[in-house]
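*Asks:* Dropping the structure in here first, questions after.
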Amino acid sequence: MTSPLVCVFDYGFGNVRSATRALEHVGARVVLTSDRTVAENAEGLVVPGVGAFEAVMTGLKEARGDQIVGRRLSGGRPVLGICVGMQVMFERGVEHGVESEGLDQWPGTVERLQTSVVPNMGWATVETPEHTALFRGIEDERFYFVHSYGARTFPLGTTEDTGRFAAPLVTWSTAGGDADADRFVAAVENGPLTATQFHPEKSGEAGLQLLRNWVATL
Amino acid sequence: MGVAVRLIPCLDVDAGRVVKGVNFENLRDAGDPVELAATYGAAGADEVTFLDVTASVDGRDTTYDVVGRTADTVFVPLTVGGGVRAPEDVDRLLRAGADKVGVNTAAIERPELISEIAHRFGSQVLVLSVDARRCGPDTVTDSGYEVTTHGGKKGTGIDAVEWARRGAELGAGEILLNSMDADGTTDGFDLEMIRAVRAVVDVPLIASGGAGTVQHFVEAAQAGADAVLAASVFHFGTLTIQEVKDAMREAGIEVR
């Protein structure tokens, strides 16, 4: 069996070098490109992202990343969004009072974290859901976060898992301490669409295991 | 449960080699920053910082290569400081594989640099490094601390606490507060200064300078530091990352 081909979408936003090396490290074949055909057809697509929501969305659209993600997901082909690459999967983002449209794969708003020290920077624990595949074996590990904005609610999939359609599996994390804790979405597993607010490619062994878990599904 | 207090070993790198000796057993080459970063990563370092002390342009190219090779093998965040004067320098370091970039002197000369970098790359990439000392008899600032340049040799008369506050306001995502008085003494961090800066900035604060015992790290965290950076105590094996973390955990501080 050949290892799966993963396209790291190269549209100018994100530490693509680390993501590429980490995926190679866990056994994927990796292509770093914004070529539409490759991005649409690879077994996995990684959408990295750092910086401002609006700038990332503009960059994605210029590279037709919105269409590529849409086509992949409608065909059930796996996509992994990382950091702002996760945030843009939501309906909208609000930064500095400016509202921008996201890719709208999930309802909800990405907004500024409500805690005293922002950016939320460092290694935090996560609250994983039952039946998580992404966090299998690393449920109690810490992951590296660096972000000032987050999805503080997840309005989709509150109904029971019917067996035909699995409800999204949402992993939460918390910024701030006891006095000013703010809970936000740390990861989502939703059919072909997976995303993490933290950086698995910067989360040491635990992060590599998470990528290994994702690559194993391709 | 929030984020853990980070422990950050710092390596001085000159033209691709670690300077200011590192004394480790089981290293093939104690001068290779890539190997050292990997060692620290495996030992539980939460981040690694390279301080590029290279003067020559050719030497800087070597630094980019070192940063790249480190990012290829060490999967924890890497910060690179030293010699960053323009957004283009940041761009190059990020492309090479750095996650964050430290800015110091150039921002003192031209504070707009902070906003320019933050706008283009986001605040999260920018660490404002503040080398501060207590004011001598000839200098007066509101806080009693002043910003220095040239490794603490030259005073600027700028209030260090106010500068940290302004840096965060201009867009720095983190403040690296280095006490030039405590640096190298192993007598402990300047806790008063950490408290003073903590009181005025709401971005993460990294304390640096003076670490000698595990208790010093505990004190820095209790004074409000979100991360603690140290060099020689780790390089010479006086303390291991794990020993420091154990002491912090025992003191009730969250660590990874």
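Note that Cβ sites are derived from N, Cα and C of the backbone, with glycine treated the same way.
Quick paste of what TrEMBL says about this protein:
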ACT_SITE  A:Cys83  active site, nucleophile
ACT_SITE  A:His199  active site
ACT_SITE  A:Glu201  active site
DOMAIN    A:8-215  domain 'Glutamine amidotransferase'
*Asks:* Using Cβ atoms only, which residues of the same chain lie under 8 Å from A:His199 (active site) while being at least 6 residues apart in sequence?
*Replies:* A:Asn15, A:Ser18, A:Ile82, A:Cys83, A:Phe143, A:Tyr144, A:Phe145, A:Val146, A:Gly207
*Asks:* Three-state secondary structure of A:His199 (active site) from DSSP?
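*Replies:* The residue in question, A:His199 (active site), is coil (DSSP, three-state).
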*Asks:* Around the Cβ of A:Cys83 (active site, nucleophile), how many other Cβ atoms lie within 10 Å? Please give the count over every shown protein chain.
*Replies:* 28
*Asks:* Using a 10 Å radius around its CB, how many other CB atoms surround A:Glu201 (active site)?
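*Replies:* For A:Glu201 (active site), the count of other Cβ atoms within 10 Å is 32.
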*Asks:* Average pLDDT across the domain 'Glutamine amidotransferase' (A:8-215)?
*Replies:* 94
